[in-house]
């Protein structure tokens with residue numbers, strides 16, 4: 001077991017009195033086990049020192065804390081720590097240093113695997129899931145880290161963040177390596193990049209899906225959001241950058257890549273610099289087909305996925321697999337066997353009833369893409385059930401209302417994690433993008449889904465957008481159990497979706 005003095009030697013020179021074995025690192029006091037080191041970071045609203053008492057009670061063997069203004073351990077906490085023999089060690093710039101510290105503790109696991117990081121406004125979850133499905137084989141396993149959890153495609157442990165904290169990232173990578181992973185597909189959010197959660201991860205390939213409007217409540221503006229995303233493509237040692245050249249930001253990153261990183265662009269629009277192109281896209285009820293043209297050859301591709309945006313995701317997956325050395329014929333064969341990702345354009349059907357699609361679309365671009373997809377794949381009227389999250393970017397709400405007015409035939413407005421915000425104000429913001437539309441409002445989300453499913457015809461399609469895989473509805477400070485997927489199954493009157 002590594003000792004604390006050895007662990008921190010590149011950054012701090014500890015005294016013998018502070019030295020002790022390190023059982024693990026934890027940012028969340030609830031994850032502390034006896035002998036773990038509690039890491040107290042400064043946050044945008046709170047400092048981890050607020051949970052110092054909980055960490056000491058759980059058996060923390062030492063505490064690393066990040067200086068921030070006048071924030072410091074309270075006198076009574078210092079006394080309690082001293083009595084327990086627990087050193088409180090101030091580490092300047094700990095937020096930036098935690099990733100490399102954790103990597104050192106857990107044996108630098110990403111150096112022993114090939115890690116693919118996927119970032120972008122929309123498509124991160126789908127691309128990582130599809131890539132892991134394509135790569136994962138019994139003798140050559142591919143791990144997953146992302147919104148749906150961590151593990152392997154057939155066995156995920158639920159998580160709380162798209163990208164976990166820096167200590168958890170390294171601990172998870174070490175676990176996946178022990179379990180046989182030779183490669184890992186990881187979602188990398190803008191928050192994670194801004195907060196240095198993937199510092200210390202040695203990425204082999206970085207993928208950009210697109211850049212649209214999201215998380216402006218955190219980043220302030222689109223420029224700040226873009227700057228955070230771009231950091232993934234400047235990490236030391238990055239070998240490949242897989243970039244969507246149909247996206248303006250993708251082209252910008254392509255032109256700014258540092259030497260030593262090879263660019264592999266992909267395009268559905270025939271961009272001349274794209275090494276992976278999709279041509280002749282056809283959308284059918286059972287999925288999509290196109291011709292894949294690459295620097296490694298050409299081949300027809302079929303995939304059981306819905307939407308032109310999923311065609312772009314297929315290109316991203318193919319390009320990432322090519323960057324890892326997977327042969328084109330193998331890629332084509334495995335794309336045909338992809339399984340839908342829970343809550344990502346996931347179809348539910350029952351004979352004689354409308355088709356229902358559950359999708360996570362919660363940005364204007366994603367909602368437009370999902371609506372365009374169901375319009376292309378189905379012949380009947382397009383129904384839409386959606387709302388917008390509370391205490392988040394208000395500016396996107398009228399844009400989503402505008403998308404609904406343009407692309408849906410029938411719309412039912414409902415709640416989608418209103419949190420502490422007045423749900424009526426959220427609905428009013430959405431309506432600003434669709435003046436004159438008298439859409440029904442059913443605040444109860446299950447009731448709204450049932451309303452649409454009961455009124456839609458058997459040739460129609462109902463898109464339930466916004467929550468996807470989520471299993472709670474956030475109302476006020478409460479997280480109440482709720483699943484769009486389960487509500488759809490109940491509305492269709494069957495036990496499971498197709």
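Cβ coordinates come from backbone N, Cα and C, glycine included.
Proximity of residue 123 (ATP binding site) to non-local residues of its own chain (separation of 6 or more, Cβ distance below 8 Å) is seen for 209, 210, 309, 312, 313, 316, given in sequence order. According to Swiss-Prot, the ATP binding site annotation covers 120, 121, 122, 123, 124, 125, 126, on the basis of sequence analysis.
Taking a C-beta cut-off of under 8 Å and a sequence gap of six or more, residue 229 (N6-carboxylysine) has these contacts in its own chain: 119, 120, 190, 193, 208, 211, 249. Per Swiss-Prot, N6-carboxylysine is recorded for 229, and the stated evidence type is sequence analysis.
Feature annotation from Swiss-Prot assigns meso-2,6-diaminopimelate binding site to 392, 416, 417, 418, 419, 466, 470. Taking Cβ-Cβ distances under 8 Å and a sequence gap of 6 or more within the same chain, the neighbours of residue 418 (meso-2,6-diaminopimelate binding site) are 387, 389, 390, 426, 474, 475. According to its DSSP assignment, residue 418 (meso-2,6-diaminopimelate binding site) is coil.
Positions annotated as motif 'Meso-diaminopimelate recognition motif' by Swiss-Prot: 416-419. Per-residue pLDDT, averaged across the motif 'Meso-diaminopimelate recognition motif' (416-419), gives 96.
In this structure, residue 470 (meso-2,6-diaminopimelate binding site) belongs to neither helix nor strand by DSSP; it is coil.
A Cβ distance under 8 Å defines the sequence-distant neighbours of the motif 'Meso-diaminopimelate recognition motif' (416-419), meaning residues of its chain 6+ beyond its ends; these are 362, 386-392, 426, 445, 466-467, 470, 473-476. The Cβ of residue 470 (meso-2,6-diaminopimelate binding site) lies under 8 Å from the Cβ of 343, 360, 417, 482, 483, 484, each of these being in the same chain and 6 or more residues away along the sequence.
In the three-state DSSP classification, residue 229 (N6-carboxylysine) falls within a helix. Across the residues annotated as binding meso-2,6-diaminopimelate (392, 416, 417, 418, 419, 466, 470), the widest Cα-Cα separation comes to 17 Å. Candidate binding-site residues: 392, 416, 419, 466. Nearest to residue 122 (ATP binding site) by Cα distance: 466. Apart from 120, 121, 122, 123, 124, 125, 126, the residues listed for ATP, the same chain places the Cβ atoms of 118, 127, 209, 210, 313 within 8 Å of the centroid of those Cβ atoms.
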